[in-house]
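What Swiss-Prot annotates here:
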{"type": "ACT_SITE", "residues": "C168", "note": "active site, acyl-thioester intermediate"}
{"type": "BINDING", "residues": "R70, G71, G72, Q73, V74, T75, Y76, H77, S137, L138, G139, G150, L151, A152", "note": "substrate binding site"}
{"type": "DOMAIN", "residues": "31-205", "note": "domain 'BPL/LPL catalytic'"}
{"type": "SITE", "residues": "K134", "note": "site 'Lowers pKa of active site Cys'"}
Amino acid sequence: MENQLLVRRLGRQDYTPVWQAMHQFTDQRDSTTRDEVWLVEHNPVFTQGQAGKAEHLLNTGDIPVVQSDRGGQVTYHGPGQLVAYFLIDLRRKKLGVRELVTHIENLVIHTLKHYQIESAARPDAPGVYVKNRKICSLGLRIRKGCSFHGLALNIQMDLAPFLRINPCGYAGMEMIQVSDLHPVSMEQVEKVLIQELVTLLDYEQVEFSTEAYNHE
């Protein structure tokens, strides 16, 4: 199972059920369980990371706030944003947490290069940036030597809700999205992202599914 990957395309989903399913998957996986990546668009929601502070929620209005157990601070998820959850056995891949973060940042940087978008990571604030404007947020959790949670890449969405928070705890952090820089569809970006992931983490066999994880 070391070099096998299952990619689940889950479509549009509320945040909490997917978060709970990640927990169930991670709790029940063992050394023979293949790694999975879940691709999803969430209905509008603010999620607070473990380091999140209430003062970074400025005016959430009618958008719900969920306290999550990922790393990092507050962010926004909504339609038109590609969320990728990485359910990876780090011990099997011989990866440390910092290495995985770097791999994920590089994954996004390489994906954006396909669309002639130059981007970079920042040592002081995880994620990916285009000229100091944030295009991708990142937050992970590790349990039993396995990762869950992942990245949120802004593709073609309403960025206004980010003005209701201090994104990732940074007041005035400007957000940007792929469609501001290059016309593209969610499906195109998903395809490139998975191709880059397979190359970066050396997966040899990839299977796709549209079924949600069912632990029963």
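From the backbone N, Cα and C atoms, a Cβ is placed for every residue, glycine too.
Locations of recorded Swiss-Prot features on the structure.
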residue : record                                   : Cβ within 10 Å
R70     : substrate binding site                   : 22
G72     : substrate binding site                   : 23
V74     : substrate binding site                   : 27
Y76     : substrate binding site                   : 26
K134    : site 'Lowers pKa of active site Cys'     : 23
S137    : substrate binding site                   : 29
G139    : substrate binding site                   : 24
L151    : substrate binding site                   : 23
C168    : active site, acyl-thioester intermediate : 21
Pairwise CA distances across R70, G71, G72, Q73, V74, T75, Y76, H77, S137, L138, G139, G150, L151, A152 (listed as binding substrate) top out, in Å, at 15
Alpha-carbon distance [K134 (site 'Lowers pKa of active site Cys'); V74 (substrate binding site)] in Å | 14
From recorded positions Y76, L151, C168, the one whose Cα lies nearest K134 (site 'Lowers pKa of active site Cys') = C168
